[in-house]
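Student: Below: one structure in structure tokens.
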Amino acid sequence: MSLKTTEAATRADARLAPMPAPRDYRAARTLSGLRKNTPGLIVLVILGVLIVLPLALVLLAAFSDSVPRPGSISLGGLTLSNLALLATPEALGALVNSLMVGAGSAIIALLIGAFLAFVCARSDAPWRKFIFFIGMAPMFIPALVGALAWSLLCSPSAGYINIFLRDLGIDAAINIYSLPGLVFVLGIFYAPYAFLLLHSSLSMMNADLEEAATVHGAPLRTMLRTVTLPLALPAILGSAVLVFALTMENFPVAQVIGNPAGVDTLPTYIYRLMSATPAKSNQAASVAVILTVALMAVTLIQQRIINKRKFTTMTGKGNRPRQVPLRKMRWPFTILALAYFAVSVVLPMLALLAASMQATPFVSSMSQLLEANSLSFAKLIEVLGSNDFQLALKNSVLVALIAAFAGTTLSFIASYIRYRTKSKVGRLIELVAMTPLAVPAIVMGIGLLWTWLLLPLPIYGTLAILAVACVAVFMPQGYRGVSASMLQMDQDLEDSAVMLGAGRTRSVLDVTLPLMRVGIMSSFLLFLMLSMRELSASIFLFTSNTRILSILVFDNFDNGQSQAAAAVSVLYCLVIGILAVIAQKVGGERKTKN
């Protein structure tokens with residue numbers, strides 16, 4: 001048989017052979033898409049339970065006549081009667097106070113932060129490295145501890161500063177329990193946030209623009225006003241709005257400083273409604289919705305400021321901002337920075353030490369504090385050996401470690417799905433992960449309380465719910481840190497490992513994770529430090545067996561045991577300081593190896 005005859009027979013057989021059944025390509029594509037999106041959907045469900053469900057329950061409770069109960073989602077009938085509370089003088093007063101506190105604290109924090117950032121980043125003042133530390137130092141003191149310290153310093157009758165003034169024959173008393181006192185304390189303790197943003201902006205500014213103004217004859221003040229200030233304006237406005245939002249939602253300082261004077265803010269008003277007998281939970285939910293809407297609006301404004309006002313001031317060539325000569329003001333500026341350090345760190349810590357080491361709980365004159373027999377370590381030793389402190393310390397460290405591990409892991413997976421896969425839910429995951437940035441922690445605490453009373457998982461009353469609260473509240477910070485590190489890494493490195501035969505999972509474990517270890521470790525330590533300070537969400541979630549250090553300080557102060565609260569605060573700050581030093585050393589070693 002010839003070759004042509006064979007080919008003809010083969011073609012004939014092919015025509016007579018039955019055709020294969022047509023494949024359902026649409027079903028195949030759907031199944032393939034489902035497989036690709038499954039990890040993203042799982043992460044979205046987890047974030048939904050952590051963040052969306054608690055907020056949804058708070059929203060539903062605001063328009064209902066009952067709240068979720070264990071095992072039942074029934075919220076009763078829908079009603080608008082809870083919103084009538086918002087028109088009462090108490091609610092309106094709390095809203096006005098919150099706005100005034102936010103605005104006043106933002107102004108103080110911005111002035112301090114801008115001054116320190118300028119001295120540190122752009123001046124020739126001495127001790128600039130130490131001034132950088134001064135700008136960040138108050139962040140290592142929990143706001144609750146700072147408020148307690150200033151209550152010891154400027155309490156009208158027994159504050160150390162007022163006792164000192166009376167010893168000098170000055171009758172004028174400084175009353176920290178007031179709206180100005182609340183604004184002052186929040187302003188000095190939130191100044192580091194403004195400092196960090198402004199320091200970054202001033203340090204990265206292009207010196208060529210300022211040099212051009214100088215070459216054209218502009219004096220130093222004119223150059224600063226017409227070039228430097230406009231370029232730093234986005235950071236100035238962004239930091240002001242950020243501090244406004246953070247102070248407006250602050251609960252611990254407002255409770256310690258404002259409550260004795262009857263000054264309610266929206267967070268303390270919510271706490272008072274939830275703590276009433278019987279609890280006014282639905283009314284508290286309605287106030288929580290208003291606070292959340294206000295904070296979301298402020299956050300949106302900040303994002304629009306940062307996104308719209310972008311100025312390219314950093315080029316591809318080397319950049320070193322021009323140093324402004326202070327001349328005779330070099331040392332006065334440094335002394336002002338040291339004065340802020342004394343007010344924000346030294347005086348509060350000395351007050352806490354003095355209160356915790358007093359042999360008697362009352363001090364009549366400053367000379368009494370200087371007497372050798374009036375000071376004792378007995379209270380510190382007593383607190384250190386107490387079961388309450390040891391339990392709270394163990395709980396705090398355990399909760400912080402669990403939250404840091406779980407939060408960092410979830411942040412990495414969410415970031416990987418968003419930036420390394422083609423999952424259609426990646427953007428939605430990012431949106432949900434960043435949502436707590438615009439939600440007050442005290443509102444999240446209420447929502448988490450109702451969520452875990454409703455769900456069948458029995459974690460309410462355990463340390464797990466406190467760790468869940470920390471993950472939910474601080475998810476934006478962790479996600480932002482991990483995603484920033486992931487965006488800096490070229491995906492080709494991971495893809496190369498896959499092309500050489502490694503599976504995707506092995507490539508992530510052997511390539512991506514090691515290259516991102518600095519960013520991941522930084523996010524872990526950030527979760528750890530923030531969780532050690534957390535109070536606002538945990539205030540509704542703890543039990544007698546799950547108290548953490550922040551709750552222990554708050555309880556002692558709330559029960560009038562100021563000496564015990566001071567002693568716990570000193571040890572609390574010591575623990576945070578040790579963790580900060582460990583974090584710095586670990587972070588430094590990781591960066592060196594990298």
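The backbone N, Cα and C atoms fix where each Cβ goes, glycine too.
Note that the structure is a prediction, hence the values are computed from the model and not measured.
Heads up, here are the entries from TrEMBL:
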- 41-63: transmembrane segment (TRANSMEM)
- 94-118: transmembrane segment (TRANSMEM)
- 95-302: domain 'ABC transmembrane type-1' (DOMAIN)
- 130-153: transmembrane segment (TRANSMEM)
- 173-198: transmembrane segment (TRANSMEM)
- 227-246: transmembrane segment (TRANSMEM)
- 283-301: transmembrane segment (TRANSMEM)
- 331-355: transmembrane segment (TRANSMEM)
- 393-583: domain 'ABC transmembrane type-1' (DOMAIN)
- 397-419: transmembrane segment (TRANSMEM)
- 431-453: transmembrane segment (TRANSMEM)
- 459-479: transmembrane segment (TRANSMEM)
- 564-583: transmembrane segment (TRANSMEM)
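Tell me what's around each of these sites.
Tutor: Residues 131, 134-135, 179-180, 182-184, 186-188, 190-199, 201-202, 236, 239-241, 243-245, 247-248, 254, 258, 263-269, 287, 290-291, 294, 324, 333, 336-337, 340 of the same chain lie 6 or more positions beyond the ends of the transmembrane segment (94-118) yet place their CB under 8 Å from a CB of it.
Sequence-distant neighbours of the transmembrane segment (130-153) (same chain, 6+ residues past either end, Cβ-Cβ under 8 Å): 113, 116-117, 119-120, 159-161, 176-177, 181, 185-186, 188-189, 191-192, 195-196, 199, 250, 252-253, 256-257, 334, 337-338, 340-341, 344-345, 347-349, 351-352, 354-355, 533, 535, 550, 553-554, 557, 562, 565-566, 569, 572-573, 576-577, 580.
With a threshold of 8 Å between CB atoms, the same-chain residues lying at least 6 positions outside the transmembrane segment (173-198) that come near it are 97, 100-101, 104-110, 112-114, 116-118, 135-139, 141, 143, 146-147, 150-151, 153-157, 159, 161-162, 165, 232, 235-236, 238-240, 242-243, 246-247, 250, 253-254, 257-258, 260-261, 263, 340, 343-344.
Note on the transmembrane segment (283-301): residues 55, 58-59, 61-63, 67, 82-83, 85-86, 91, 94-95, 98, 241, 244-245, 248-249, 266-267, 269-270, 273-274, 437-440, 442-443, 446 of its chain, located 6 or more positions outside it, place their CB under 8 angstroms from a CB of the stretch.
Note on the transmembrane segment (331-355): residues 112, 115-116, 119, 123, 125-127, 131, 134, 137-138, 141, 145-146, 148-150, 152-153, 160, 188-189, 191, 369, 375, 562-563, 566-567, 569-570, 573 of its chain, located 6 or more positions outside it, place their CB under 8 angstroms from a CB of the stretch.
Residues 39-40, 43, 46-47, 425-427, 429-430, 433, 463-464, 466-467, 470-471, 474-475, 478-479, 481-483, 486-487, 508, 512, 516, 520, 523-525, 527-529, 531-532, 548, 575 of the same chain lie 6+ residues outside the transmembrane segment (397-419) yet bring a C-beta within less than 8 angstroms of a C-beta in it.
Counting residues 6+ beyond its ends, the transmembrane segment (431-453) has Cβ neighbours under 8 Å at 44, 47-49, 51-58, 61, 67-70, 245, 249, 251, 267, 270-271, 274, 281, 284-285, 288, 291-292, 295-296, 298-300, 411, 414, 459-460, 465, 468-469, 472-476, 479-480, 534, 536-541 in the same chain.
Sequence-distant contacts of the transmembrane segment (459-479) (same chain, at least 6 residues past either end, Cβ-Cβ under 8 Å): 47, 50-51, 54, 395, 398-400, 402-403, 406-408, 410-411, 414-415, 430, 433-437, 441, 444-445, 448-449, 452-453, 523, 526-527, 530-531, 534, 536-538, 541-543, 545-546, 548.
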Student: Would you mind listing the long-range same-chain contacts of the transmembrane segment (564-583), meaning Cβ under 8 Å and 6+ residues beyond its ends?
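Tutor: Residues 140-142, 145, 148-149, 152, 349, 351-353, 355-356, 379-380, 382-384, 389, 392-393, 396-397, 525, 528-529, 532-533, 549-550, 552-553, 556-557 contact the transmembrane segment (564-583) from elsewhere in the chain.
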